[in-house]
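Notes follow once the structure below has been shown.
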Amino acid sequence: MARPKWLQSFTQHGTKPPYLLKYRSSEAFITTTISLAIFTDMFLYALIVPVVPFAIETRSHVDSSKVQYWVSVLIAIYAAALLFFSPICGWLADRSTSRRSPLVIGLFALLGATILLDIGSGIGIMIAGRILQGTSAAVVWVVGLALLADTVPQERLAQAMGYVGAGMSIGILIGPLLGGVVFDRAGYRAVFGMAYALIGLDVLLRLLLVEKKVAARWDPEVGGRERSHNVENEERAARENGRTPTRRRMRDRLPPLLSLLYSRRLLAALFGAMMQAAIMTAFDSVLTIHAANTFQWTSTGAALLFLPIVIPSFLGPVFGYLSDRYGGRYLATIGFLCTCPPLVCLRYVDSNTIKDKVLICALLFLVGLSLAMTFPPFMTEISAVVEAKEKKMTANGMRGYGPGGAYAQAYALFNMAFAAGCTLGPLLAGFLVEQGWATMAWILGLLSAIAAVPTFFWLGGFLFAKAPELAPSDEWRSPLDDTAT
């Protein structure tokens, strides 16, 4: 039975090319769509931050003494869902014939989460909404970044990731501000009205998106990495040159999600991403309280202190361009080292004076600027490791990661590391600040300096290797590999 024309057009399986194929499959459109998807996810996450305490107390009828407890629980549930579903999404996405379909499904999960948080009045419904929200975030980050890696050549990927970082930062920045203002002026339902409008725009863009491999059916000259085609060519060349496959090691039998963890280069990138997220989010649990205690500011004034941290991230595309041109190793290392001094100097902000108010804004700006330098290199390094490992496998006469590749599973690991940092940062800062604001400041600075060490030696491959991307020293050696066949 033939499919209706509208269904063929929707699933992009018709005989005629989709309208405006060239533009809908372009790098610019796909980068814009993924950046908006990340923005939407972070905006809706942050939008309800000033609203949830009210909803818990008035709609769920929770005692005011337990509001803080349930707010913490709902944040933890979101993080747990994100960590749990990221590897699952990565594994499924690499075995799917389409990246677009999971993205659309993830968006409908986000819509379901928004509806539950909007109409729900019980704690159980709000918990379900946060689980769906975390699941949607896992899909967007894992599949979206994998699609971007499929689309943009490695030499331009860091700049594209810079736009993604900017989308994330804008969402985190304006979400709570708009949520608080709209809630005060127009009420609870008006907050979710903004959410529905943004989701509608996101749905439109995701449905219009055409993947490069789909566009290639009608336009063979379309760009993109064409990873599976190149891998097949390399495997064929290896056979023609008489190279026999090396024996299969234990790691080669594992799913890419696990075998990738043998790479020191990838572990260094994951550690850097975790430390970056931990330092950035460490202020979530301590900055507002310190500003209120030191400067006697209201919650609104204290919240504005997050602006100097977030605003420099708008330079993400610029840092991405620099990373593409000069490599990410030195840019990310300089970023971590430059983060250290302003973090340590935060210890001098301890009195209610104009000088200290200006000082904390300047120091937070320098922290945000320095950390913004590290974001594109780490996101780009994930796909670079997958590409290098697959080339090494095919060069040895072995089969690569298959038609679906391993980008999604690699970005699942990145997502888990970043989520772990977002969970660790506020908890660590909250514990350290009990020992004193100055103690917290110098320990965060020390962590930033520590993060620079593996970044310098391993980002982009081992520093002293002749061919970093293919160096055997890039991988851990397991005793089980000696007995593998």
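Note: Cβ is positioned from N, Cα and C throughout, glycine not excepted.
Fair warning: this is a prediction, and the values are worked out from it, not measured in the lab.
According to TrEMBL, the compositional bias 'Basic and acidic residues' annotation covers 224-242.
Feature annotation from TrEMBL assigns domain 'Major facilitator superfamily (MFS) profile' to 30-463.
The region 'Disordered' annotation in TrEMBL covers 224-246.
Below 8 angstroms of C-beta separation, residues 55, 78, 103, 107, 110, 113-114, 117, 133, 136-137, 140-141, 144-145, 147-148, 151-152, 160, 163-164, 166-168, 170-172, 174-176, 178-179, 191, 194-195, 198-199, 201-202, 205-206, 208-209, 211-212 of the same chain, each at least six residues beyond the ends of the transmembrane segment (28-49), sit close to that stretch. The feature transmembrane segment is assigned by TrEMBL to 28-49 (among others).
The transmembrane segment annotation in TrEMBL covers 69-92 (among others).
Residues annotated as transmembrane segment in TrEMBL: 104-125 (among others).
Long-range contacts of the transmembrane segment (131-149) within the same chain: residues 30-31, 34, 37-38, 40-41, 44-45, 77-82, 84-86, 88-90, 93-94, 99-100, 102-103, 105-107, 109-110, 112-113, 116-117, 157, 160-161, 164, 211, 225, 379, 382-383, 386, 407-408, 410-412, 414-415, 418, each at least 6 residues beyond the stretch ends and with a Cβ under 8 Å from a Cβ of the stretch. Annotated transmembrane segment per TrEMBL: 131-149 (among others), in sequence order.
Beyond the ends of the transmembrane segment (161-183), by six or more residues, the same chain brings 31-32, 34-36, 38-51, 54, 144-145, 148, 190-191, 194, 300, 303, 306-307, 310-311, 313-321, 372, 375-376, 379-380 to within a C-beta distance below 8 angstroms of the stretch. What TrEMBL lists as transmembrane segment is 161-183 (among others).
Taken from TrEMBL, the feature transmembrane segment applies to 189-209 (among others).
For 257-283 (among others), the entry in TrEMBL reads transmembrane segment. Same-chain residues lying 6 or more positions outside the transmembrane segment (257-283) and placing a CB less than 8 Å from one of its CB atoms are 87, 90-91, 251, 306, 309, 332, 336, 339, 343, 364, 367, 371, 374-375, 378-379, 381-382, 385-386, 388-389, 406, 409-410, 412-414, 417-422, 424-426, 428-429, 440, 444, 447-448, 450-451, 454-455, 457-462, 468, 473-476, 478.
Annotation source TrEMBL lists transmembrane segment at 303-323 (among others). Sequence-distant contacts of the transmembrane segment (303-323) (same chain, six or more residues past either end, CB-CB distance under 8 Å): 158-166, 168-170, 172-173, 176-177, 280, 283, 287-288, 291, 331-332, 360-362, 364-365, 367-369, 371-373, 375-377, 380.
Residues or ranges marked as transmembrane segment by TrEMBL: 361-386 (among others).
Annotated transmembrane segment per TrEMBL: 407-433 (among others), in sequence order.
Sequence annotations record features per position, and here TrEMBL assigns transmembrane segment to 439-465 (among others).
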- Query: Where else in the chain does the transmembrane segment (189-209) make close Cβ contacts, counting only residues six or more beyond its ends and a cut-off under 8 Å?
  - Reply: 10, 24-25, 29-30, 32-33, 36-37, 40, 43-44, 47-48, 51, 100, 103-104, 107, 110-111, 114, 117-118, 178-179, 182-183
